[in-house]
């Protein structure tokens, strides 16, 4: 691990421990989790963390179904957001609203935050519209995702 990675890891881990009375800003993945819970309240967000070839860490091969395709599109969306100068999608927070299952990215987000918010919003909406197949949870990636 490079010194830069260690510095980022330390900042992420230590910042919530500060003496400030204000709550720390959550990381983007926490916001994405909340978006998923907004559009798919019947499922735990963890159900999407290790699904198919693309939901979770990394991604390769052919998506196993429509839900996995949602994650592939989300990964590609993050890759596009990374092209914005200084944009790190996994750490970028944004302003959004959930109202009765409807997600809205609020105005006032900078270019990176707006892009990441839209990636997460579209993925959460896609998850809500795709069938969930329990057989595609925690699959053997080496065997099925070539």
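Including glycine, each Cβ sits where the backbone N, Cα and C put it.
Because the structure is a prediction, the values reported are computed rather than measured.
Per Swiss-Prot, the features are as follows:
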type: SIGNAL; residues: 1-21; note: signal peptide
type: DISULFID; residues: 38-98; note: disulfide bond
type: DISULFID; residues: 53-145; note: disulfide bond
type: BINDING; residues: 54, 56, 58, 75; note: Ca(2+) binding site
type: DISULFID; residues: 55-71; note: disulfide bond
type: DISULFID; residues: 70-126; note: disulfide bond
type: ACT_SITE; residues: 74; note: active site
type: DISULFID; residues: 77-119; note: disulfide bond
type: DISULFID; residues: 87-112; note: disulfide bond
type: DISULFID; residues: 105-117; note: disulfide bond
type: ACT_SITE; residues: 120; note: active site
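What Swiss-Prot annotates, mapped onto the structure for a quick look.
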residue	record	DSSP (3 states)
38	disulfide bond	helix
53	disulfide bond	coil
70	disulfide bond	helix
98	disulfide bond	strand
105	disulfide bond	strand
119	disulfide bond	helix
Check: What other residues of the same chain, not counting 54, 56, 58, 75, have a CB atom within 8 A of the CB centroid of the Ca(2+) site?
Finding: 53, 55, 57, 59, 60, 71, 72
Check: Cβ distance under 8 Å to residue 105 (disulfide bond), same chain, sequence separation 6 or more: which residues?
Finding: 94, 95, 96, 114, 117, 118, 121
Next item on the list: Give the distance between the Cα atoms of residue 74 (active site) and residue 58 (Ca(2+) binding site), rounded to the nearest whole Å.
Entry: 11
Next item on the list: Could you round the CA separation between residue 71 (disulfide bond) and residue 98 (disulfide bond) to a whole angstrom and send it over?
Entry: 20
Note to self: Name the residue among the disulfide-bonded residues 55, 70, 71, 98, 119 whose Cβ has the smallest number of other Cβ atoms within 10 Å.
What the structure shows: 98
Margin query: List the recorded positions among 54, 75, 87 whose C-alpha is within 10 Å of the C-alpha of residue 145 (disulfide bond), in sequence order, or say none.
Written below: 54
Note to self: I'd like to know which of the recorded positions 53, 87, 120, 126 sit within 10 A of residue 77 (disulfide bond) at the Cα level.
What the structure shows: 120
Item checked: disulfide-bonded residues near residue 75 (Ca(2+) binding site), in sequence order, restricted to 38, 53, 112, 119, 126 and a 10 Å Cα cut-off -> 119
